[in-house]
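K.L.:
Please see the structure below; I have some questions.
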Amino acid sequence: MRRAAQALAARLAAASAKAAAPGAGICGQAASGRRGTGAAAAAAAAATVLAAGAQWGLAEAPHPAREQQPKAEQQQGQEGQQVDCANCPDVSLEDQPVAISNSATAQWRVFTDMGRELVQQGRHGEAERYFKKAVEMAREGFGEDDPHMASACNNLAEFYRIRRQYDAAEPLYRQALEVLTRAYGLHDARVAFALHNLGGFYLSQRKLEQAAECYEQALKMKLEVLGTGHSETSNSMYHLAEVRWQQGHHDAAVRLMEHSLEIMEAQGVGATPGCVRRRGRLAEMLLERDRVDDAEKLLRNILGYVESTQGLEHANYANAAENLAAAVQRKGRWDEARELMHKALETRSTHVGARHPVVAITLRKLAELELAAADAEEAVAAAAGNSSAAGAASAASSSSSSSKAGSKAGGKGSPAAAPQLSLRERERRQAVAIAEEALSIAQQAYGESLEWHRKQGQPESGGLLGWLRPKPTLAALRRPQRPDSAALEVGHCLHTLSHAHTAVAQPAAAATDLENGLKLLDDAFPEAAASRAARVVEPEEQRADHQEVSAPPPRGAAGGSSSSGSSGKDTEGGSGSEEADVNARAAANLAAAKSAKETARAQRVEQARKQLACAMLAELVVLAAGGQADLAAVQERWAQEGCAAS
């Protein structure tokens, strides 16, 4: 504790000396005239901190130097998760010339630095106190309308956004924006940065209209002040493109993303990880817009970058190869797509092990690739056979030409057709084997997830001699999937296996796969099964009210926010401790945010479950028409799921 106090005292003294140095003031005379006052204040501040046991520490506001020229490192830090990133840029503020130096200005600097360091260490409780003290010191040392106050408010708002304490974050974001607007007007880069941060705050809550408005204003200011070739302009374009895509304005989103990439490449940072991530996102958009050629160029660029910088055994190489295989497959280049998928499979197996759930996903995609290739080859052979048969009929008058045309016709007795049919048969049988292996891995992962969640909250066995047990393997240390996600993957594997069994003329096995998949969905999602059963016994006029009911929230989610909020109020009213009140409100806000996040996830999972169930039922209807399943039962389940409406 004594060492920490001494270190903090030294930091306070250095901060005060920096503020009191010549040239730090508005003019040289003002700064030099108060140098003695600053040194005395620094000594007093150091003594105060030592006496208090050094409970607080602090930081320095960011400089606007990064506004003047783009930096690759700065760009990389702004490219992560646009919703929940902990490295989102702060409002870039200049250290304003200050003619005075006192303990408040020195502590503002130190508290800000210490808060950021504690966030990086994961000590959020302590970091919050430092950020709050930084706001207090900025108000005391600089005043309410000083840009340093805006920087302090923005830092505290970013901290609350990371913790999903949105109610506490929004007024701080707006206060920072108002201070900067009063200080610099509506045509300044610092105001644009504040608007960008506010847009990211709204995007993290999926408030798309507010986020789009903030990003648009920020982009307009940056274009006016910084120009079209600045990295910050590119950054706002990128985030606005994400908002537009989520709003359904896909063409506008693609244009913005393309402009953002053009700016980065013109700056010479096209080979940075941040720019590579943007290429990948643009490729996803282009594939959804059926611009396969443009997407393929981007994906090849990404694969080359990963191969040259990270190697063939890196997990990112598997992702890049798999994505490129999907684009190549859509263009009908089956051999190349198959080669890329095998490379991705080999890399994943080496990186995470042969029985990892992600390997099951790659195997399932490889099986689907083999089936699609066999179907395409069969379609080409059929088209060639039809054209050859037409040529043979037109040349029937000549026995020699007729014989030649018959050899090209590809009939059942044609020796040339046998190798093609054998090749397609081998591809389909191989798809069956691959799908079965994927199903085996997915089922194992599902069992592990159920077992892991069953043991949650139970005391560990072993007692005092537990340390004698052998240490767990890497596979045991890996946290399993959530049971619902693992169950959906098993269902997808069964669906793919049914396709393979149908392709090799085994309709009974295909029907069994689909029935097992539907039974698995019923077992893994009992709420959906109970809701479907309830719709059967309800009166006809009430059934429509339940067609659009989404999955219920997880246990405790529906009442979690209200109960947490009431407990926060009770704490506020019954306890006189301000710290206890703040902690209670923070816990309530965090619980409400987690509850909302879980509810949104449950809705997405339910939508995926219903889509998979309807796809299985649609194929089961066809098989039931051939006598492989009970048609009446399938039709009843179809009506219960509401598949016709979807």
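Placement of Cβ uses the backbone N, Cα and C atoms for every residue, glycine included.
Remember, it's a predicted structure, so these values are computed and weren't measured experimentally.
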K.L.:
For which of the residue intervals 393-423, 455-485 does TrEMBL record region 'Disordered'?
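P.N.:
My reading of TrEMBL: the region 'Disordered' range is 393-423.
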K.L.:
On the DSSP side of things, how many residues of the repeat 'TPR' (192-225) fall into helix, strand and coil, could you say?
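P.N.:
Per-class counts: 31 helix, 0 strand, 3 coil.
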K.L.:
If you run through the repeat 'TPR' (108-141) with DSSP, how many residues end up as helix, strand and coil?
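P.N.:
DSSP composition of the repeat 'TPR' (108-141): 31 helix, 0 strand, 3 coil.
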